[in-house]
Amino acid sequence: MSLQSLLSTKIVRATSIADAAFDAVVLVGSQDNVQQFGAIQQVSAIAPAVNNFLKLHSGAFNSTSLVQVDSSVVPSGRLILSGTGNVSRDYDDVRRYQAAARKGISMALSAGVKSPLLITLPNSRFPNAELVAALGALTPVYTPLNVREEENKQKLNQLGLLAIGNSDTSARLEKLVEAYDASFTVCRDVGEAGPERMAPPRVAEYIQGAFANGNIKVTVVDDQSVILKDFPLMAAVNRAANCVKEHQARLIRLEYVGEGETQDTFFVVGKGVTIDTGGCDLKTGGHMFGMCRDKYGSAVVGGFFKAIDVLKPKNIKAVGYMCMVRNSIGSHAYTCDEVITSRSGKRIHIYNTDAEGRLTMLDPLTLAKEEALNAKNPHLFTVATLTGHEVLSYGYYAAIMDNGPAKASGWARRVQNVGDEFGQPIEISRLHPEDFAFHMAECEQADLRQGNTKPSVATLRGHQTPAAFLQMASRIDEHGTNSSHPLKYSHIDMGGCSGDHPSVSFPNPLVTLVAGLVLPHV
């Protein structure tokens, strides 16, 4: 697929509000910006219209309004003023710009606008406000994959971006918005689509198409005998689904090698459960609804690599694994009480088939660990919609858990700051000895127990213990700070941070991962 085919709409770099190519101006700002209008060359012409409107509606910067302006200033005669509300309090953050832009474009769509021009007034407290606003503006413009495939149309003809700054600022904004929008499309297409449209084989087909003729090497493991031999726990989760050819498992490997000498190597493993029935520990009472998004960890991996594909960062190598399975229930389903030997040689005692995510990722993570031992400055990641406990703990925020070497590097703190700056905050959870002790086997048959028989929301430290399990079961724990070969590892439990099904998601923590890992090399 071409870059343009993955964009929600055509992104255009604008130079003036007087450009007749646009049929509305969407202005995002706060009350604090009122005094700045005259001093900002790009928007000074509409200052009188905004000031006059404020005399009629003093709360305009706390809401979204359609304002008629003179066509000699804005050719379309339409100005959509979308206020952020108060952004001066300690707890206000840059996401107010994201929300305001989303509301502004939503109003533009309802007004029949096809080519809006987005302008975000600067705020020294939030240097990334223009980018964050643009990503918010594109959210209602996204068209779901199945609709695009059937109707082949977009909601807008184009979205103009008028950056407040010089030409370099404008060019960088356009480049980043295109990269993020394409990555969002890949993420949403995979993460939101239903379990048949994005069954494991069709995810593989989609990813191969999305990265065709690009900078990412895509390899798909589709031989079920190979998956059974090399990734036995992943195979166990998909055992019931394997009886249906269209539902058979796929392991998708993505690889990027940037220009120049490699300084950092990232291994990112994503959970890709296309529908989570719970397996034999069946989800009942409507709790299965929305479980098509249990593949969103893999979706974030796909989006992360699309951003890399577009931005072409230098001096890094990145390897991704999208672990695509379907946790079905049936005569051949895996069950509790099984003891399965993992790729690492650790024997795993199964307690709960609805804790399948950690099993799905474990063997590919072990493979990534094996590769990392020969890589330059490696950092391993798992990304998953893993536990309800994380949702109860942090709401719509992802949680990151570092092992010893990653913690010593200060990575979680750094990426937390990056998330704040780019409007996608992330929380830090810490691991303690009891998290590791919890997963020690209770019988001689096994080395480790997968979990317990309770849901995570009824388990103490229910989102921290899986990170300990993944370390022990992959033997990453043998590469701690005091070992001869330390390996950095960070587990990210996304919980429900991308939003509520079936609303359009906002890929999370994709913005933060790209900003923290990729942008420093661009």
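Quick reminder: no glycine exception, Cβ is built from N, Cα and C everywhere.
Here Swiss-Prot has LYS271, ASP276, ASP294 binding Zn(2+) 2, and the candidate from GLU196, GLU205, GLU356 in that same listed site is GLU356. Here the candidates are the recorded positions LYS283, ASP354, ARG358. The one whose C-alpha lies nearest to that of LYS271 (Zn(2+) 2 binding site) is ARG358. Between the recorded positions LYS271, LYS283, ARG358, LYS271 has the most other Cβ atoms inside 10 Å of its own Cβ, all protein chains included. Other residues of the chain with a Cβ within 8 Å of the Cβ centroid of LYS271, ASP276, ASP294, GLU356, the Zn(2+) 2 site, are GLY272, VAL273, MET291, LYS295, VAL325, ASN327, GLY357, THR360, ALA384, THR385.
In the three-state DSSP scheme, LYS283 (active site) falls into the coil class. GLU356 (Zn(2+) 2 binding site) sits 13 Å from LYS283 (active site), taking the CA atoms of both as reference points.
Taking the mean position of the Cβ atoms of ASP276, ASP354, GLU356 as the Zn(2+) 1 site, the remaining residues of that chain whose Cβ falls within 8 Å of it are VAL237, VAL273, THR277, GLY278, GLY279, ASP281, LYS283, MET291, ASP294, ASN327, THR353, ALA355, GLY357. The separation of LYS283 (active site) from ASP354 (Zn(2+) 1 binding site), Cα to Cα, is 8 Å.
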